[in-house]
Amino acid sequence: MEEFRRSYSRLCRESGAEPQEAVLQQLHQLPRGRLDLATQSLTVETCRALGKLLPRETLCTELVLSDCMLSEEGATLLLRGLCANTVLRFLDLKGNNLRAAGAEALGKLLQQNKSIQSLTLEWNSLGTWDDAFATFCGGLAANGALQRLDLRNNQISHKGAEELALALKGNTTLQQLDLRWNNVGLLGGRALMNCLPSNRTLWRLDLAGNNIPGDVLRAVEQAMGHSQDRLTTFQENQARTHVLSKEVQHLREEKSKQFLDLMETIDKQREEMAKSSRASAARVGQLQEALNERHSIINALKAKLQMTEAALALSEQKAQDLGELLATAEQEQLSLSQRQAKELKLEQQEAAERESKLLRDLSAANEKNLLLQNQVDELERKFRCQQEQLFQTRQEMTSMSAELKMRAIQAEERLDMEKRRCRQSLEDSESLRIKEVEHMTRHLEESEKAMQERVQRLEAARLSLEEELSRVKAAALSERGQAEEELIKAKSQARLEEQQRLAHLEDKLRLLAQARDEAQGACLQQKQVVAEAQTRVSQLGLQVEGLRRRLEELQQELSLKDQERVAEVSRVRVELQEQNGRLQAELAAQEALREKAAALERQLKVMASDHREALLDRESENASLREKLRLREAEIARIRDEEAQRASFLQNAVLAYVQASPVRTLSPPK
């Protein structure tokens, strides 16, 4: 910082002015990285020197120039020098009465500077000239580094707020914006509210003391809450990403360590393989010696083979002797076959007896099948009775649906009457509100003109006394306090008038509350009617559920009967097939018996096909009944949904009527 002091002194002397002792003292006591010139009256030469030094300064990250009473020229020179600075992060220009030229210089600063993150402009007059403030907003829209902006007490009107809203739509870095104690008004508040969905980074917006309705403030607070949630989520994601990146880096290090360990193990395995190859070479030598021994053993075996061939000749002679013995055995086998033929005849007689027994079993199975058929007919009669009961239930449901539709039509007619009456009352209240708003705007415009005239007079006095500013600074501060007291008195007078108008509006609110209570009574009556209809629908649903359970029980009984019959038929068929197989294996010559068995099988197939067709018919009838039952359930669900939808429509209409009351829009800001 010593170099900075020497450069400042040199530039001031080159311009023909002495350096300010207060500035030199602050530079001498300066902490590292922070230049605090607050409450120091900086001359134009000092501002020019600082504007030339700050672009090359690499240590100063914070610059405090609050209440320095900067002139337009001095502020322009200083801000022009900051355009090329790349290290400054915090800039405080509070209480310097910056106007048109200062606003334009700030706009250029925001366009060119890429390092300033916090900018404090409290107690200035940037919003007095719309064109200059539009230039400032253009610079804000193009800036990509600023995160915090303080614009309190800058006389920003609704037009300035609209320009600021356009800038916020293009800005992607600003996170905090303070607009307290300006003249934003209803139009400016709405413009700022409408720009918030386009801005994804702003999470704090202060609008207190701007004559903005409460509903707009609540909407802005809600949008800021969403932005804070997004910011929290983004920070959490960044933290998680950081943690995950650390984990990935740790895993990579572990993988590299594992790779090195793997390479070491591979080298060890290679050494072991070399050792094993040497051992295998020695083993091959041993195997070669063993192979030579085997060759000698094979030669010995060849000698044994010759001896075995001689023994084979002897065995052939023994085979001839065994052939003679075989001839005698064949004769014995012939006698045995004769005895087996006699036994076969006896088995054929037994098979005939078995066939007669099977025929008797088949007749018994036919009788049992007839009994099952009778049971199926009785179940069909019960099913027809259930179908008639279902038809009667359907008729009752149609009558109930017609009655519900009539009641719904009556409720809709009543709702239309209530809507017309509410619409008329809303139109009357809206016309009264418009008149009151016009009166209030005229009053505010007159007061604003008076204040502007007073400010212009004060500005003329300040310009005339600017040369003697160092001597009369205390007097200027006292006048500023008096102006603040007068402003507070004007605000208190406006607050009293607002309270009187609020009492008048509360009377109207009571009248509207009475109308709302009447509408709520009608809504409760409609809800009771809907509840009665729902209870009747639930009763019908219980009846349908009972019929469904009864139908399921009948289906279960029918399926059990079918399973028993199928099991019996399959058992009989299996027994017949087993008997048939044994008869075919034992009595190949008895063709007549085979034909009878085939006839029996054909009869069984015919019976099975008839039974299968009957089952298919029953299944189709059951499917049609299930489809009818499903349609009936869908009709009941649709009726329930219609009734619930109508009730929700009525409730939404009442809520919309209550929320559309003009009292909420005219309530004073908190």
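First residue shown is number 1, and so on along the chain.
Cβ coordinates come from backbone N, Cα and C, glycine included.
Annotated features, as they stand in Swiss-Prot:
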| type | residues | note |
| --- | --- | --- |
| REPEAT | 58-80 | repeat 'LRR 1' |
| REPEAT | 87-107 | repeat 'LRR 2' |
| REPEAT | 115-136 | repeat 'LRR 3' |
| REPEAT | 145-166 | repeat 'LRR 4' |
| REPEAT | 173-194 | repeat 'LRR 5' |
| REPEAT | 201-212 | repeat 'LRR 6' |
| COILED | 252-645 | coiled coil |
| MOD_RES | SER661 | phosphoserine |
Is the repeat 'LRR 4' (145-166) packed against any residues at least 6 beyond its ends, judged by a Cβ distance under 8 Å, and which are they?
94, 110, 113-128, 130, 133-134, 137, 173-189, 191-192, 194-195
Mind checking which residues of the chain, 6+ beyond the ends of the repeat 'LRR 2' (87-107), have their Cβ under 8 Å from one of its Cβ atoms?
38, 54, 57-70, 72-73, 75-76, 79-80, 113, 115-126, 128-129, 131-133, 135-140, 150
Below 8 angstroms Cβ to Cβ, which residues of this chain, lying six or more residues outside the repeat 'LRR 3' (115-136), approach it?
66, 82, 85-104, 106-109, 145-157, 159-160, 163, 178, 182-183, 455
